[in-house]
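S.K.: Structure in structure tokens, see below.
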Amino acid sequence: MNAIVALCHFCELHGPRTLFCTEVLHAPLPQGAGSGDSPDQVEQAEEEEGGIQMSSRVRAHSPAEGASSESSSPGPKKSDMCEGCRSLAVGHPGYISHDKETSIKYVSHQHPNHPQLFSIVRQACVRSLSCEVCPGREGPIFFGDEQHGFVFSHTFFIKDSLARGFQRWYSIIAIMMDRIYLINSWPFLLGRIRGIISELQAKAFKVFEAEQFGCPQRAQRMNTAFTPFLHQRNGNAARSLTSLTSDDNLWACLHTSFAWLLKACGSRLTEKLLEGAPTEDTLVQMEKLADLEEESESWDNSEAEEEEKAPVTPEGAEGRELTSCPTESSFLSACGSWQPPKLTGFKSLRHMRQVLGAPSFRMLAWHVLMGNQVIWKSRDVNLVHSAFEVLRTMLPVGCVRIIPYSSQYEEAYRCNFLGLSPPVPIPAHVLASEFVVVVEVHTATRSNLHPAGCEDDQSLSKYEFVVTSGSPVAADRVGPTILNKIEAALTNQNLSVDVVDQCLICLKEEWMNKVKVLFKFTKVDSRPKEDTQKLLSVLGASEEDNVKLLKFWMTGLSKTYKSHLMSTVRSPTATESRS
């Protein structure tokens with residue numbers, strides 16, 4: 001967790017002061033924090049707790065080193081600090097903990113070494129012990145802003161027989177720049193920090209009771225003459241927290257507690273990437289996979305039943321193997337889930353547009369988007385496979401029905417992408433139909449008849465492509481909106497192929513959302529035509545080509561989505577809400 005935990009104290013002589021703070025370091029340690037220690041000067045006490053290796057380093061400094069370190073420190077000068085304002089001795093390099101799991105270091109000093117962090121901690125300390133306090137001056141509170149960070153502060157009192165009111169004022173603060181994370185960590189921080197405070201108060205109370213038993217101070221103070229001038233009682237108005245708790249290892253224990261607090265608080269909340277609801281393409285693919293699994297299970301069951309029946313083999317049938325013919329449904333599902341191999345041919349839509357030419361590509365793309373049958377006739381099976389692989393990216397998965405290569409013509413209701421060998425005849429009424437486009441691939445007589453000068457691929461330069469249709473798309477026809485946007489993306493050379501692919505995905509999602517709205521409006525709610533026209537105008541799809549595209553894409557909606565809509569509308573709760 002990227003935060004700073006600090007212990008603050010309100011000194012009677014100097015006001016709010018930071019006593020001890022622990023910060024998280026993801027980068028190498030700063031100079032002066034446990035660096036340059038020789039074996040003779042360093043005492044290391046290491047222990048394992050919660051996956052953190054605790055290391056406390058103490059070294060003896062010469063007076064010159066102490067003076068230089070004091071002048072370079074962003075904290076207050078020695079002359080501005082009393083015993084109650086100081087935690088670590090002069091020259092103490094602080095405490096360091098190494099987290100072996102994450103390679104993170106937790107470093108504790110009296111003040112942060114970075115000037116900006118020192119300013120943030122200093123301001124939070126002053127506010128926590130002056131204006132930002134809860135009623136009763138003891139308890140948790142939250143404050144902060146985007147510039148100076150957000151602070152969780154818990155103020156508390158420590159018993160002191162020599163202090164005014166027999167107690168001194170402290171606070172433990174946790175500073176973060178992430179407001180939401182800090183608020184969500186409030187229950188955890190509150191429970192753990194209260195545990196630390198209770199332990200400190202229990203130790204101080206034992207010392208307080210011992211001092212009161214040995215030399216009661218209340219009667220002595222009541223008998224003392226009143227004076228308007230501030231003065232030190234018994235010559236020791238400022239006492240350190242170690243003397244108040246009688247614990248010489250107090251700062252090492254606080255470092256351990258603060259380091260564990262930072263590690264545990266950062267581990268309990270993690271960020272997860274939420275991908276949202278599955279798209280229609282994902283739902284359709286899942287349905288097709290489920291259908292294939294069902295079909296394979298049915299085939300396995302039928303084979304098992306045939307084996308149990310154990311039919312007697314008739315004479316003359318030996319040596320012959322009978323194979324079952326796949327049903328039409330299995331054939332269609334196999335066509336829908338067909339995955340072509342990655343072979344040479346068309347690389348992308350931009351590649352195909354450059355090879356076919358802009359007019360021919362626009363005609364072909366228009367028929368693809370409208371749901372018309374696209375027939376490729378070529379002897380090169382790999383070329384047909386690559387063409388279908390590229391063209392199918394313009395359609396939702398549910399609208400794609402492919403027969404990659406057939407020895408006979410297949411009707412349009414069975415497939416909208418059909419690959420044929422050149423000798424296969426196509427019926428005359430199909431060739432004259434406005435709902436069919438045919439791409440014939442011939443061998444070019446000269447290599448420069450139809451060069452494929454794109455993407456350094458000359459494998460298509462030996463072919464000549466002829467695109468024909470019974471209803472050619474006029475050059476001045478507006479066409480569907482998505483086709484114009486696709487062409488604009490393909491002609492923009494500043495966009496790479498990967499960017500164009502992502503743009504195509506976004507366009508399909510945009511228009512599939514319009515399809516869902518139209519399906520709900522017309523099929524589920526059964527609205528009149530006048531309302532449907534108004535809806536199409538709102539969706540920006542009132543043109544004829546856009547309407548045809550929406551109706552075709554409606555066939556690609558998943559069964560899951562359709563059944564969910566129908567069950568929601570027909571449920572009693574939905575009926576009551578509509579009424």
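Yeah, the Cβs are placed from backbone N, Cα and C, and that goes for glycine too.
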S.K.: Going by Swiss-Prot alone, which of Ser38, Ser62 is annotated as phosphoserine?
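M.R.: The candidate carrying the phosphoserine note in Swiss-Prot is Ser62.
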S.K.: Which one of Ser73, Ser471 gets the tag phosphoserine in Swiss-Prot?
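M.R.: Comparing Ser73, Ser471 with the record, Swiss-Prot tags Ser73 as phosphoserine.
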S.K.: Return the member of Arg164, Ser302, Ser537, Ser542 nearest to Ser406 (phosphoserine) in space, with distance defined Cα to Cα and candidates limited to these recorded positions.
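M.R.: For Ser406 (phosphoserine), the closest Cα among Arg164, Ser302, Ser537, Ser542 is found at Ser302.
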S.K.: How many neighbouring Cβ atoms, not counting its own, are there within 10 Å of the Cβ of Arg164 (site 'Essential for GTPase activation (GAP) activity')?
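M.R.: A count of 11.
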S.K.: Can you tell me how many other Cβ atoms are located within 10 Å of the Cβ belonging to Ser542 (phosphoserine)?
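M.R.: There are 13 of them.
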S.K.: Report the nearest neighbour of Ser302 (phosphoserine) in space among the recorded positions Arg164, Ser537, Ser542, comparing Cα positions.
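M.R.: Checking each of Arg164, Ser537, Ser542 against Ser302 (phosphoserine), the shortest Cα distance is to Ser542.
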S.K.: When the number of other CB atoms within 10 A of each residue's CB is tallied over all shown chains, which of the modified residues Ser302, Ser406, Ser537 has the maximum?
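M.R.: Answer by Cβ density within 10 Å: Ser406.
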